[in-house]
Amino acid sequence: MNENLFTSFITPMILGLPLVTLIVLFPSLLFPTSNRLVSNRFVTLQQWMLQLVSKQMMSIHNSKGQTWTLMLMSLILFIGSTNLLGLLPHSFTPTTQLSMNLGMAIPLWAGAVITGFRNKTKASLAHFLPQGTPTPLIPMLVIIETISLFIQPMALAVRLTANITAGHLLIHLIGGATLALMSISTTTALITFTILILLTILEFAVAMIQAYVFTLLVSLYLHDNT
C-alpha cells in the first residue's frame, strides 16, 4: 500500500474546502424524531437506550445536576455516532482530532467547575486542601491539586483521541498485512483476516464504550460541583 499510515486521519477536502462541518452534522440525521403515536423499531430502540443511559448516569445528581441531562445525552449520542461512522470504509473520524476533543472537553469541564464555585464555593475551595494536611505541606498540596484540576479536560480529550486513533491504526496495519499476505500464504492471510474481523468487532464496542466513558467522567465532574 502506497498511502501514508496517517492518511485516514487527514481532514477530507473538496475543492479546497474542509468537510468537517458536514461530517460533524451528519450523525444528527441518524436520530430522527418520530411524530407518530407508535414509533418504529429503530426509534423505539433509541428511546429505550437513551432512557436506560440517562437513568443510570443522572440518578446520582441533584436537581441542579439533572438540568444537564439533555446536554450529556446529546454528547454521548454525538461521540458514539461519530466513532461508529469512522469505522466505515473511506470515512473520517472527527474524534481522532485532539483539537476537536479539547473543544468538547474544556467547555464542559469549565462549566462544571464554574457551577461548583458559584453554588458551592467553600466545598470547591476545600478540594484544594484535604483535611488534616500538615502545615509545611499546604503550599505543595495546593499546587498539586490545582494542576490536577486543570489536567482533567486534557485527560478527557487525550483518552478519547488515543483510544480511537490506536484502534484505527491497528485495523489499518492488519488490513494492509492481510492484503500483502494474500499473494504469499493464503492460510496466514485467512488468519490475519479473522483477527481483523475480531478487531473490528472490538472497535465497535470501544467506540460505544469511549463515548460512555467520556460522558460519564463529565457527569462525575458535574456531580462533584453541584
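Any Cβ shown, glycine's included, is placed from N, Cα and C.
Annotations in TrEMBL come from automatic prediction, not curation.
According to TrEMBL:
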type     : residues : note
TRANSMEM : 6-31     : transmembrane segment
TRANSMEM : 67-86    : transmembrane segment
TRANSMEM : 98-117   : transmembrane segment
TRANSMEM : 137-158  : transmembrane segment
TRANSMEM : 164-184  : transmembrane segment
TRANSMEM : 196-222  : transmembrane segment
Contact set of the transmembrane segment (164-184) with the rest of its chain, CB cutoff 8 A exclusive, min separation 6+ beyond the ends, reads 1, 5, 8-9, 83, 86-87, 93, 95-96, 192-193, 195-196, 199-200, 202-203, 206-207, 210
Distal contacts, the transmembrane segment (196-222) - CB-CB under 8 A, six or more residues away: 53, 57-58, 60-61, 65, 68, 72, 75-76, 79-80, 83-84, 86-87, 95, 104-105, 108-109, 112-113, 115, 152, 156, 159-160, 163-164, 167-168, 170-171, 174-175, 178
